[in-house]
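These notes are about the structure you will find just below.
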There are 2 protein chains.
Amino acid sequence: MQLLRTTDPDFDKKFRRIVRDRRESDVDVQRDVATILNEVRERGDAALVEYSMRFDDHRLTTEDDWRISAETCKAAYEALDPALNSALNTAAQRIRSYHENQLPADRDYTDHIGMRLGARWLPVDAAGLYVPGGRAAYPSSLLMNAIPAKVAGVERLVVVTPTPKGQTNPLVLAAAHIAGVDEMWRVGGAQAVAALAYGTDRIKRVDVVTGPGNAWVAEAKRQLYGVVGIDMVAGPSEILVIADANNNPEWIAADLLSQAEHDPTSQSILITDSEALARQVGDAIDLALMKLATAKTAKASWDAHGLIVIVESLDQAPALSDRLAAEHVELMVDDPQALFDQMRHAGSVFLGRHTPEAVGDYIAGPNHVLPTGRRARFASGLSVLDFMKRTSFIDASDAALAAIGPAAIRLAEAEGLPAHALSIAVRLNK
Amino acid sequence: MQLLRTTDPDFDKKFRRIVRDRRESDVDVQRDVATILNEVRERGDAALVEYSMRFDDHRLTTEDDWRISAETCKAAYEALDPALNSALNTAAQRIRSYHENQLPADRDYTDHIGMRLGARWLPVDAAGLYVPGGRAAYPSSLLMNAIPAKVAGVERLVVVTPTPKGQTNPLVLAAAHIAGVDEMWRVGGAQAVAALAYGTDRIKRVDVVTGPGNAWVAEAKRQLYGVVGIDMVAGPSEILVIADANNNPEWIAADLLSQAEHDPTSQSILITDSEALARQVGDAIDLALMKLATAKTAKASWDAHGLIVIVESLDQAPALSDRLAAEHVELMVDDPQALFDQMRHAGSVFLGRHTPEAVGDYIAGPNHVLPTGRRARFASGLSVLDFMKRTSFIDASDAALAAIGPAAIRLAEAEGLPAHALSIAVRLNK
């Protein structure tokens, strides 16, 4: 953990280094992924069979080797512990409700010259969702990706997931049942993303691919961007807590550790105007680490990337926060709205002392797929818009074309595009 | 030009081949672009000086070599022919008005358990706009990219444009004046995109880069996706005209040629249920090509990629159109709305016989930056949203956290993330 004070003479230099630090693994998988994508495009299912054997020790032969059926998902759902069943359903209902509120409105109006203009939103035909296997297979991620697609109106929602040695995660299957996933394939890695983008005999292609994954999956999405739509490529997770002196250090310690336990590359940052709180939070983290089952990961993250910044006044916090443009920002102060009003860049903001970030990870309703690595400067969390597209339209009356056609002709001629000009002129001179 | 009939025994095979044809140049610039990006990131302005000399024969020494001043743009505007001045202003005003209508609404509500939820939209701090030099330097493109950024509220709008041997395009400078561009730099190519994304001593970095460009520029944007936000990478332009027998073939010929004249890789397609119209349009195109200043390009495009599909009934047109997912679709029929209602995938649709696509290129108001190469399946035209980002927020009251916190704890425990569970539990057990 690093401790900085804005009064340090070299504060700006050190803070700038932290802002620039990418924390992303620089394993170069570009060439391997390009090969895999090409193999799947050329050889389809045969390539999937080979890669699944090689990477997941899973043989794709029978229908059951290839697919997880809707019945299997339903059975996993029905076998859930009742409390967990209720929790998953509450989460799904709240996520659905928040995302329904996001649906964009079409526009259709006629302006003063009699030209009808507008835009129509429609869902994509099919969406693919990558669900990691093993430790990172989170039912909450499935809900957060699948429900916005279904709310958008996507008719065919396809999940791909690796099943190492054939193993599946019953919680993920139950979540797929709740979310209404239409197809679920036992393939993973870059090869699964390629199958979604190009299509194979078995797996029909989709239009958008979302969902988290390892470096291979992320690189596959990056390379296939444009062949399909993708969500933002995600990096390591981050939390920034902005807190005044009047806080329970245990609460803040737990919040910082809730990011740190995700991965050693995660980053947890506290900005406070209280030296005492800073010290108490540091102590509370050390204490909590002693009994946390995820202590090894959380400690690695906190030691390497943890940061406490002591400011002279919390008025300095919004500007520092904007430079970090963190994925999650908690505002643990008396008037969180006043701070929020001064901030510009953050993935999601948690206002007040009773809004731990974890409530947003699971159940509050807003999406937990958020821009990382300072991308909140320009990117937004996953939403129904990622599963929709907009068609603009123009309907010119005879009179409307007469009103503005001559100006368009002049511009087309000035740009040296005579057929553009002609296409308007022939209609005006009929 | 290729003529297909849906009654041909091999129609589906041939149509599928056309749908799959990418028409994109496969010049491999990936490695060259990676080198250029790296040089600019490492050496900043010095690399820009070298590349501008090498690629544009333009020496960057004095301030005037580097920048085109606001005064220069204003002078270009004031020197405009009055008719052109009026046309550009009309276009700018109509584009502004359409895009103002696109501004998204914030959301802020409190649900039945007392949890406040919402989303706030803000513009990015700075946007960069690539404007090609030479033949493809279109003032209309500058307006179509710059005005949505300004309507979004972007405070710093930066144009980069190559000025080969120092030459500038007065129409583009005048458009920059009208649109309110804040900075204009005389650098182009992949190196200019790198400067926008990474920043140099002279050119401060931006958050989003948009605008058309050659293969190097497009690849630079692709490689920098994630470092900055970008608009969709664009491919060759397309138009699809769906027309019944009751049409003037000259009008349709002009519309098809207005795409064909852009580039030899452009594609113009007519779908009609009238053999007679198909023949007449073919003849009208041959006739128009005899007097068109851009005939060489238009003929190359029409010969290589032009297509007429004769259907038995126009009821077949929407499904074919959806497979093409064309950038521009004209509906030249009596009831264009009925056809539009059956279509799902298109960049922009032009309804009725008096709405040539060129009116949308210049002056109608909707954006002319649209998804190409079948990307309308999942992508949308440029809009104010490309220059904005959304921050979700959550504000839980004590009671709201008590209501749903236990369910979140259960999910966190099931996912093996105890610090997540702890961060909620400490607040419930206070």
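Cβ from N, Cα, C; glycine included.
What TrEMBL records for B:Y130, B:Q191, B:N214 is NAD(+) binding site. For B:Q191 (NAD(+) binding site), the number of other Cβ atoms no farther than 10 Å from its own Cβ, over all displayed protein chains, is 29.
Secondary structure at B:D361 (substrate binding site), taken from DSSP and collapsed to helix, strand or coil, is helix. Annotated substrate binding site per TrEMBL: B:S237, B:Q259, B:H262, B:H328, B:D361, B:E415, B:H420, in sequence order.
Other C-beta atoms found within 10 angstroms of the C-beta of B:D361 (substrate binding site) number 28, with every protein chain shown included. The feature Zn(2+) binding site is assigned by TrEMBL to B:Q259, B:H262, B:D361, B:H420.
Among the features that TrEMBL reports, active site, proton acceptor is placed at B:E327 (among others). Within the same chain, the residues at least 6 positions away from B:E327 (active site, proton acceptor) whose Cβ sits under 8 Å from its Cβ are B:S237, B:E238, B:I239, B:A346, B:G347, B:S348, B:L370, B:P371, B:T372, B:A376, listed in sequence order.
Around the Cβ of B:H328 (substrate binding site), 27 further Cβ atoms fall within 10 Å across all displayed protein chains. Annotated active site, proton acceptor per TrEMBL: B:H328 (among others), in sequence order.
In this structure, the CA atom of B:H262 (substrate binding site) is 13 Å away from the CA atom of B:N214 (NAD(+) binding site). Sequence-distant neighbours of B:Q259 (substrate binding site) (same chain, 6+ residues apart, CB-CB distance under 8 A): B:S237, B:E238, B:I239, B:S266, B:Q267, B:S268, B:S301, B:H328, B:E357. Among the binding-site residues B:H262, B:H420, the residue whose Cβ has the fewest other Cβ atoms within 10 Å is B:H262.
For chain A, the nearby binding-site residues by a Cβ gap under 8 A, listed in sequence order, are B:D361, B:E415, B:H420, drawn from B:Q191, B:N214, B:S237, B:D361, B:E415, B:H420. The two recorded residues B:H420 (substrate binding site) and B:Y130 (NAD(+) binding site) have their Cα atoms spaced 44 Å from each other. Cβ neighbours of B:N214 (NAD(+) binding site) (same chain, under 8 Å, six or more residues apart in sequence): B:P132, B:G189. Ranking the binding-site residues B:Y130, B:E415 by other CB atoms within 10 A of the CB puts B:E415 at the bottom. Sequence-ordered, the extra residues of this chain that approach the NAD(+) site, with Cβ no more than 8 Å from the Cβ center of B:Y130, B:Q191, B:N214, are B:P132, B:V160, B:P162, B:G188, B:G189, B:A190, B:A192, B:V193, B:G213, B:W216, B:V217, B:A220.
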